[in-house]
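This report refers to the structure that appears directly beneath it.
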Amino acid sequence: MEQEPDIKQRKIIHIDMDAFYASVEQRDNADLRGKPIVVGGSPEGRGGVVATASYEARKFGIRSAMPSKRALQLCPHVLFVRPRFAAYKEVSQCIREIFSRYTDLIEPLSLDEAYLDVSEDKQNIGSAIEIARRIKQAIKDELNLTASAGVSINKFVAKIASDLNKPDGLTFISPAQIEQFMEELPVEKFFGVGQVTAAKMKNMGLHTGADLKRLTEQELTHRFGKVGGFYYKIVRGIDNRQVQPHRETKSMGAEDTFPYDLTTIDEMSAELQKIAGNLANSLLRHQLKGRTITLKVKYSDFKQITRSLSFASPVADHETLFDTAVDLLVKSDITDKKVRLLGISMSNFGEHKPVVMKGNSVQLELFP
Ligand SMILES: [Mg+2]
C-alpha cells in the first residue's frame, strides 16, 4: 500500500443497532419476544413493505424492503407491528447522547446507524476497540438493546466490519489486516454493488476484491462507470471520506441496471415496482418525505433522461412513487428505445423550498 505519512491514521467506528425497530418493539412488549415479527406496512393492499424483521423472522428468509405480502408467504404466523417512529426517534436520541460522551464527530446514517470518528479520544481511553465496547455496554445497560460495532481506519472497512458478527458483534480490522480483508471480500459486499452488478462482475470472472484489484483504474471505470474509481481505491484499503457531523440529505434514490435491455412498458413497470419499494423503505427508515419525484432512464446507447414531478405536499409511500414513476415513463417517449437502467429518486425534503430542476428535467404540476 502507498505510504501517506502526512495523513494521520484515523480511528473510525461504525455502530449499527441490531434489528432496531423490531428490537424496540420486542423490548417494549413481552408478547412479541422470541417471536417472528415484522415492523412495517400491512400485507393487505399494495404498498406494504418490511422495514425491519426480527431475527426470529429472518430465519424464514424475511428481509428489509421485502413486500409484506411476501413475508407472510414465507412465514404465515409472522406478526405485523405498525412502526412507532416517535419511540424509535427517542431511543435514537439516547444512543446519540451515548456516542457524544466519546466523540463530537458523529455522522448519523439513519435512526439506528452512525459513523463515529474517535481519533480525538475525548475521554483518553486509548483504544478505539475499548471505546466501541463501552458504547455497546452503555446501550445494553441503559437502553436494554444491542448494537454491533465495526472498528477500523476508514468508513468503508468499519461499516463492513460491523456487519460481520451481528447481532451484538464487535469486529476490529487492523491496518495490517485491511489488504487481505479487502482481497477476500466477495464483490457483492462492495459499496453500491447490487445484485445485477454482482452478477455482471461474476460473469467477468470477478468474484472477490482480489479479482477487482487485478484491473487498472481505467478498466474499472470503463466497465462500471464513475464508481469504478471508488472500487480501485477501496480495494487497496483507501477511503478518505470524512465523518461528516452535519450532513443533510438532499435527495435519496434507488436504481437498478439490467443485465439485458428492457423494451416494453410491462417489463419496465415490473422493475419500477421493485425500485419504488426499495426507495419507500429507505425513506421510511430515514423518516423522510419529499415533494419531488424524479425518474431516471438510461438507454442502451448510454443516453440518459430525467423527468420530475412535484407535489403540493410531501409524499413517501410506495404506491405514489410507483404510480408517479410509471406516469413519467409513459409521458417520456420510450418507443423503440432499449432501456438499461431505471431509477427513482426523491428530493425537495424541506418545507416550501423552491424546486430546482437541472438539465433536461421537466417539471409538471400535479393536482391530486
Ligand atoms: Mg441496523
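Note that Cβ sites are derived from N, Cα and C of the backbone, with glycine treated the same way.
Feature annotations, courtesy of TrEMBL:
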| type | residues | note |
| --- | --- | --- |
| ACT_SITE | Glu113 | active site |
| BINDING | Asp16, Asp112 | Mg(2+) binding site |
| DOMAIN | 12-194 | domain 'UmuC' |
| SITE | Tyr21 | site 'Substrate discrimination' |
Within the domain 'UmuC' (12-194), what mean pLDDT does the predicted structure show? 94
Among Asp16, Tyr21, Asp112, the recorded positions in the record, which have a C-beta under 6 A from ligand 1? Asp16, Asp112
Cβ neighbours of Asp112 (Mg(2+) binding site) where a neighbour is any other Cβ within 10 Å: 23
Taking 10 A as the limit, how many CB atoms besides its own sit near the CB of Glu113 (active site)? 19
When DSSP is mapped onto helix/strand/coil, what comes out for Asp112 (Mg(2+) binding site)? coil
